[in-house]
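What Swiss-Prot records for this protein:
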type     : residues                                              : note
ACT_SITE : Ser88                                                 : active site, nucleophile
BINDING  : Asn91, Tyr229, Ile230, Cys231, Ala232, Glu233, Tyr253 : substrate binding site
REGION   : 1-48                                                  : region 'Disordered'
SITE     : Asn91                                                 : site 'Could have a critical role in the catalytic mechanism'
SITE     : Lys139                                                : site 'Could be involved in aa-tRNA binding'
SITE     : Tyr229                                                : site 'Could be involved in aa-tRNA binding'
SITE     : Glu233                                                : site 'Could have a critical role in the catalytic mechanism'
Amino acid sequence: MSYVAAEPGVLISPTDDLQSPRSAPAAHDENADGITGGTRDDSAPNSRFQLGRRIPEATAQEGFLVRPFTQQCQIIHTEGDHAVIGVSPGNSYFSRQRLRDLGLWGLTNFDRVDFVYTDVHVAESYEALGDSAIEARRKAVKNIRGVRAKITTTVNELDPAGARLCVRPMSEFQSNEAYRELHADLLTRLKDDEDLRAVCQDLVRRFLSTKVGPRQGATATQEQVCMDYICAEAPLFLDTPAILGVPSSLNCYHQSLPLAEMLYARGSGLRASRNQGHAIVTPDGSPAE
């Protein structure tokens, strides 16, 4: 795989609140912002990872504010080869109009755009959080079907031939060799990489703190389901160019990825490939959530 340790001075990482725990906000819908959705807090330093010197400014484009995570991410954004727009099922943020607007933004600024929606470990997540197996399956099918229909409508309207705008479920990548290698390597690293394990465990704890009462506490099953969810999505944060065969790619979401500070930090360890970027894309006039 082509993801490597960053050279000093090449990748610059701002901070989010991953290592600065605080009370988590209440979830606003069934899947909230997904397990890998997070928040960004530039006011608190992070002692685990070395920070950079300058964070790119947000740019207004087609009704959105685009905030590349690092200077290298800004270059990838400017190159405009490819973008992944992540969509989580059961999240009211992704309305039909919002998806259409994101599709227009993507087509205006990138040669190719892929909407990627989560359809793996969804039912397991609902069941782990208390639904019966039957109810969890019903809820997952309903939410996945709904988000797929909305994205498909957008793609058919904006690019009927599918030449530049596509929709892909996460499950599609399970037969992709590059994805499988990235996923297998990630599982191996979780056993030995202290930083990676700490970041993922903290992410799991933060997510479950919004779902499980403080007196009840999270179970081992709940923690494992969350970890599986994270590991399923992480390869796209590491090296989408290797997975989809594009020169470079910008992973876009309306929140900062909690893994981003580690993936774009200086030094050794698990890092995103040099042609993999991340940007926070929010409706114009709203802060990065």
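Here, residue 1 is simply the first one shown, and the rest follow in order.
Here the Cβ of each residue, glycine as well, is placed from N, Cα and C on the backbone.
What Swiss-Prot annotates, mapped onto the structure for a quick look.
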| residue | record | Cβ within 10 Å |
| --- | --- | --- |
| Ser88 | active site, nucleophile | 24 |
| Asn91 | substrate binding site | 22 |
| Lys139 | site 'Could be involved in aa-tRNA binding' | 20 |
| Tyr229 | substrate binding site | 24 |
| Ile230 | substrate binding site | 24 |
| Cys231 | substrate binding site | 17 |
| Ala232 | substrate binding site | 22 |
| Glu233 | substrate binding site | 23 |
| Tyr253 | substrate binding site | 24 |
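Glu233 (substrate binding site) sits 20 Å from Lys139 (site 'Could be involved in aa-tRNA binding'), taking the C-alpha atoms as the reference points. Cα of Ala232 (substrate binding site) to Cα of the residue listed as 'active site, nucleophile': a distance of 13 Å.
Rounded to the nearest whole angstrom, the C-alpha distance between Cys231 (substrate binding site) and Ser88 (active site, nucleophile) is 15.
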